[in-house]
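K.L.:
The structure is given below, and queries will be raised subsequently.
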Amino acid sequence: MTKIAMANFKSAMPVFKSHAYLKELEKTLKPQHFDRVFVFPDFLGLLPNSFLHFTLGAQNAYPRDCGAFTGEITSKHLEELKIHTLLIGHSERRALLKESPSFLKEKFGFFKDKNFKIVYCIGEELTTREKGFRAVKEFLNEQLENIDLNYSNLIVAYEPIWAIGTKKSASLEDIYLTHGFLKQILNQKTPLLYGGSVNVQNAKEILGIDSVDGLLIGSASWELENFKTIISFL
């Protein structure tokens, strides 16, 4: 399976820097990168999607066409920008924005019906990991119960919460074991990405694991040169 690199800007990128980054990345890449390189700016960092060398996605959207949902963007906003790729289930939205499993199920179903490409994020907390691998498997299995694992436009990103933003990536053995388990659950055509303190130093090694189909990258992608280096490892 072709390896993938995704950049999640979170809410860290200044608006005009984000715009400049997207335009410069478009100049750097080639058409064959379109299905292999994804960028998720925040809402103000999005641009009308005329990019041909990478896929532009949104970090979040409310599961309605439009309406009285103060502070949200909806499918109509994204479709107007020609954006049809969406992150769902990121741990920061689960924890900080209190997005429940039932709401994530609703969001997934809505955007599945719109035929969006969905990057669905899962991952366990350190307390679960410390209980042993059986507990991890049960937890991840529960996180996947609410979505259609045979959806053809699905990408799953495994991000252990204890590794996000901590500068402590999961060990290669942990990634190997966890991805091996998840591959048994997922449709064989569904890409499975790893995220969690990925950086220029460890990206190539993680990509070398057969069951890792790509990377979802946070802070290490915020500088374009770093992201370009990681893309070169694909």
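Glycine is no exception: its Cβ is also placed from the backbone N, Cα and C atoms.
Positions annotated as substrate binding site by Swiss-Prot, on the basis of sequence analysis: Asn8, Phe9, Lys10, Gly165, Ser197. Residues or ranges marked as active site, electrophile by Swiss-Prot on the basis of sequence analysis: His90. Taken from Swiss-Prot, the feature active site, proton acceptor covers Glu159.
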K.L.:
Given the binding-site residues Asn8, Ser197, which one's Cβ is surrounded by the fewest other Cβ atoms within 10 Å?
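P.N.:
Each of the binding-site residues Asn8, Ser197 was scored by Cβ atoms within 10 Å; lowest is Ser197.
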K.L.:
Roughly how many Å lie between the Cα atoms of the residue listed as 'active site, electrophile' and the residue listed as 'active site, proton acceptor', rounded to a whole value?
P.N.:
8
K.L.:
Around the C-beta of Gly165 (substrate binding site), how many further C-beta atoms are within 10 angstroms, looking at every protein chain?
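P.N.:
For Gly165 (substrate binding site), the 10 Å Cβ neighbour count is 13.
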K.L.:
What is the interatomic distance between the Cα atoms of Phe9 (substrate binding site) and the residue listed as 'active site, proton acceptor', given in whole Å?
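P.N.:
Cα-Cα distance, Phe9 (substrate binding site) to the residue listed as 'active site, proton acceptor': 15 Å.
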K.L.:
Relative to the Cα of the residue listed as 'active site, proton acceptor', which of the binding-site residues Asn8, Lys10, Ser197 have a Cα no more than 10 Å away?
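P.N.:
Checking each Cα against the residue listed as 'active site, proton acceptor', the hits are Ser197.
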K.L.:
Given the recorded positions Lys10, His90, which one's Cβ is surrounded by the fewest other Cβ atoms within 10 Å?
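P.N.:
Counting other Cβ atoms within 10 Å of each of the recorded positions Lys10, His90, the minimum falls on Lys10.
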K.L.:
For Asn8 (substrate binding site), name the DSSP secondary structure in the helix/strand/coil scheme.
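P.N.:
The three-state answer is strand.
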K.L.:
Does DSSP put Ser197 (substrate binding site) in a helix, in a strand, or in coil?
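P.N.:
DSSP assigns Ser197 (substrate binding site) to coil.
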